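As recorded in TrEMBL:
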- HIS161: active site, proton donor (ACT_SITE)
- CYS248: active site, nucleophile (ACT_SITE)
Amino acid sequence: MKSTALTRNVSPLLAECELTHLNRSPIDIAKAAEQHQAYEKALETMGYTILRLPDLPDHPDGVFVEDTAFVLPEIAIIARPGAESRRAETDSMASVLEAYRVLHPITSPGTLDGGDVLVLGKTIYIGSSGRTNHHAIQQVAEITRPIGYKVVAVPVTGCLHLKTAVSAIEEDLILMNPEWIDPAIFEGCRSIPVHPSEPFGANVMRKNNTALTPISFPGTAEVLQKLGYDLLTVDQSELAKAEAGLTCCSVIVPHLS
Ligand code: GLY
């Protein structure tokens, strides 16, 4: 299936990003931009077509487009990020996404970051986190119930977003850090733990037989390789200082054929 990956360039103000669980450390902006371009190239290698959203130079976290929306085959939900500094990032996402899907925005008092949303088949797991509240979870449930989805709220502690702790490898197979999220929540799903020394290793991307993993988590990558996936690795060291994972930097839009 053809898919577009929506991305955005790194802001020159990235070093002023929101931080929740990490201490601020200096970020090399030029290196972050280079790493982001390498990430886009890797996505192209995996078969995605890159479509860049308009630059938002005044928005430090603008490169983390995942938090502004999530896309289902039927519709797309426009998020309302939990950090007030990030709310204006959604407009340009909506203006591009409306060409692909009917849009449903999260409205006040709901707050939702796309990084808290993990879709496995017809179940939408949503992290109840510092960024995503129960109003938004309820709104997603109401919007998606008529098209056959079930929403499951997942308590998130110890990390920023649900997808910091868990990502989908297949519709019934997840990679996760069981220290942060209880695997029993994902009923009927097999789960693989991250390498014990790599708590942040769970955020990976998979398309066809290729798994995209950060170079900093070789132990977890090896687990995926042993399962038969071909590995593609990228260095995300600078963006990781801004509390990012691989999925944060794109929104995947599968084409409906
Ligand atoms: N720096 C990523 C975020 O906190 O939203």
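Keep in mind that glycine also has a Cβ here, set from the backbone N, Cα and C atoms.
TrEMBL entries are annotated by machine, without manual review.
Listed in sequence order, VAL63, PHE64, VAL65, GLU66, ASP67, GLY115, LYS163, ASN203, LEU239 are the same-chain residues at least 6 apart in sequence whose CB falls under 8 Å from the CB of the residue listed as 'active site, nucleophile'.
Here HIS161 (active site, proton donor) comes close to ASP67, ASP113, GLY115, ASP116, GLY127, SER129, ARG131: these same-chain residues lie at least six apart in sequence, with C-beta atoms under 8 angstroms from its C-beta. Secondary structure at CYS248 (active site, nucleophile), as computed by DSSP, is helix. According to DSSP, HIS161 (active site, proton donor) is assigned to coil rather than to any helix or strand.
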